[in-house]
Amino acid sequence: MQTTEGLRCVVPGSDVLGETPLWCEQTQSVLWLDIEEAKLQRFHPASGRHDVYQFDERHVGSLALLRQPGRVLLGIDLALEIFDLGTGAREKLCQVEPAGTDNRLNDGRCDSRGRFWVGTMDNQLSRGNGALYRVDPDGSVHHQFGDVIVANTVAFSPLEDTLYFSDTRRYTTWRFGLDVAAGTLRPREVFVDYTAQRDRPDGACTDSEGYVWNAIFGGGRVVRYAPDGTVDRVLQLPVSNPTCVCFGGPELRTLFITTAQRFLTRAQLREQPWAGSLLAIDVDVAGLPERRFGRD
């Protein structure tokens, strides 16, 4: 399996479904989840410290930074909670969808107004029971659209006039015009159609030039797309299942990549020792600072 030069494993691990890496500039650390094991993790590159926070619920599927230091927003099953990294205290913000269904929260991202745009998905990976929501700082939940199987690739253009969104199991990434002041979307258009090759677009982020970096689950690569949807470059990985990416480091020029062991056979796991680990590679373009949830 071909590997892009300069790629390194920064946190060896066995994440079943590593996901949602976010760089915290305040602490110079990267946070991410193992959704299937209900874990939040944090790694400090300067010291090598690796913290793990274990939860008792079935899934921890979403993550966002808060404007208050030391706290994060977590999607736990179908509810959003505020979690204090220092004390472990938890405070429920809202119930995005009713409990008791076979859905869960998945990918999400904050806009500059402190709102969290987050998707839900079908745990069976087959039914269009999911949706995209906008959650405001007061905890109010605003349904955007439904008929989603697996919500992914929630990312904004640098000017916040475009929202990118994928349904992994529909093999498509769309872009929506966005009125960020009003918090409303305009009709979607196809950004990348993966149907022919059956590629599964997973998590993504945008860089300072407005390009979209998308992890291709099952495809063993991260692809950088130009704003018109054409391929700019491809990072080949030594793992089948990259799940999401974020920019970090002092200059936001390190691309962190979460990975998963899910769906891999024992033979594949032996061949892919970095599966389930946090990977990183230095790149020649800077990312964007992660926006945070909450009021100013």
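Each Cβ is built from the backbone N, Cα and C atoms, and glycine gets one as well.
Per TrEMBL, the feature active site, proton donor/acceptor maps to ASP202. Applying an 8 A CB threshold to same-chain residues 6+ apart, the list for ASP202 (active site, proton donor/acceptor) reads ASN152, THR153, SER166, THR168, ASN214, ALA215, ILE216, PHE217, PRO242, THR243, CYS244.
Per TrEMBL, the feature divalent metal cation binding site maps to GLU19, ASN152, ASP202. Taken residue by residue with DSSP, ASP202 (active site, proton donor/acceptor) is part of a strand.
The substrate binding site annotation in TrEMBL covers ARG104, ASN106. A strand conformation is recorded for ARG104 (substrate binding site) in the three-state DSSP classification.
What TrEMBL records for 17-261 is domain 'SMP-30/Gluconolactonase/LRE-like region'.
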Report task. Indicate the candidate from ASN106, ASN152 with the smallest number of other Cβ atoms within 10 Å of its Cβ, considering only these binding-site residues. Result -> ASN106
Query raised in the report: For ARG104 (substrate binding site) and GLU19 (divalent metal cation binding site), what Cα-Cα distance in Å is obtained after rounding to a whole number?
Result: 14
**Report entry** Cβ neighbour count within 10 Å of ARG104 (substrate binding site)
**Finding:** 23
**Report entry** GLU19 (divalent metal cation binding site) to ASN106 (substrate binding site) - Cα separation in whole Å
**Finding:** 9
Query raised in the report: Within 8 Å of the Cβ centroid of the divalent metal cation site residues GLU19, ASN152, ASP202, which other residues of the same chain have their Cβ?
Result: THR20, ASN106, ASP107, THR153, THR168, GLY203, ALA215, PHE217, THR243, CYS244
